[in-house]
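What TrEMBL annotates here:
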{"type": "REGION", "residues": "1-51", "note": "region 'Disordered'"}
{"type": "COMPBIAS", "residues": "19-31", "note": "compositional bias 'Low complexity'"}
{"type": "COMPBIAS", "residues": "36-50", "note": "compositional bias 'Acidic residues'"}
{"type": "DOMAIN", "residues": "60-107", "note": "domain 'F-box'"}
{"type": "DOMAIN", "residues": "129-312", "note": "domain 'FBA'"}
Amino acid sequence: MDGDGEPESVGQPEEVSPEGQQEEAGAQEASAGEERPEEEEEEEEEEEEAAAAAAAAEAAAYLAELPEPLLLRVLAELPAAQLVQACRLVCLRWKELVDGAPLWLLKCQQEGLVPEGGAEDERDHWQQFYFLSKRRRNLLRNPCGEEDLEGWCDVEHGGDGWRVEDLPGDCGVEFIHDESVKKYFASSFEWCRKAQVVDLQAEGYWEELLDTTQPAIVAKDWYSGRGDAGCLYELTVKLLSEHEDVLAEFSSGQVAVPPDSDDGGWRQISHTFTDYGPGVRFVRFEHGGQDSVYWKGWFGARVTNSSVWVEP
């Protein structure tokens with residue numbers, strides 16, 4: 001009580017007007033309305049996932065019932081990377097099909113890598129044959145001088161150095177073996193040499209393939225002299241380890257090309273490395289030439305269309 005004997009005022013709950021009640025109810029309804037779409041979206045996502053899982057299960061069951069020849073044709077339509085990285089993980093049956101020869105023989109036939117009707121027992125590893133065939137290409141860059149000396153290393157410019165010339169050149173002959181070849185490298189009166197080093201792993205050949213399968217590695221080169229001057233030519237190819245140790249080597253030695261020789265024109269030299277053992281990671285290709293009359297200018301050996309291949 002206060003001094004006048006009146007009771008102290010005690011806080012009473014405020015009465016809410018009808019308008020306030022309507023606003024509060026509206027706010028609650030709006031809040032509930034905001035929550036419903038999220039719940040509905042979650043339900044829709046769950047339903048879609050369930051439907052997708054059911055469809056996948058149905059498709060898997062359908063494929064599981066397919067006869068093997070038909071399933072092989074279905075799998076053969078898929079990219080090779082998907083077969084190896086995904087399909088072989090689906091189930092034991094698919095793994096056996098992906099690892100087996102018939103699927104890869106079929107892919108080779110479909111993509112024109114072997115003729116239709118090729119016998120399965122002609123080759124043990126059709127999967128390796130497929131991947132090697134798809135990668136098959138000349139691993140040397142700028143083999144004909146279209147980009148001057150771009151791509152070549154350890155270039156030695158003896159005499160007047162290397163020069164790129166247009167075919168057939170002075171006292172030369174056309175290159176009839178490949179119409180796309182338009183140029184060649186001409187050497188001078190002292191030894192001119194140049195090289196390329198091919199990183200096999202960077203080119204897509206993996207360690208297990210190189211160490212176990214040891215596919216054939218083929219080096220080829222074309223050389224020629226002039227009709228008015230003799231010359232010398234030389235080719236050296238080395239298979240190198242990761243640390244550039246020499247694991248296998250081929251050398252032609254110095255080949256003398258006399259002027260106006262009976263077999264004049266362009267000559268090919270080739271060497272195939274097989275059973276070279278594990279550890280090969282690089283191929284070093286080096287060739288060179290000079291003239292044998294010591295004339296100023298470019299009277300030495302001519303080279304073009306050099307190549308390094310990994311054969312299936």
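Every residue gets a Cβ built from N, Cα and C, even glycine.
Heads up, TrEMBL stuff is auto-annotated, nobody curated it.
For the compositional bias 'Acidic residues' (36-50), the list of distant contacts is empty: no same-chain residue at least six beyond its ends comes Cβ to Cβ under 8 Å. Secondary structure by DSSP for the domain 'F-box' (60-107): 38 helix, 0 strand, 10 coil. For the compositional bias 'Acidic residues' (36-50), the DSSP-based tally of helix, strand and coil residues reads 15 helix, 0 strand, 0 coil.
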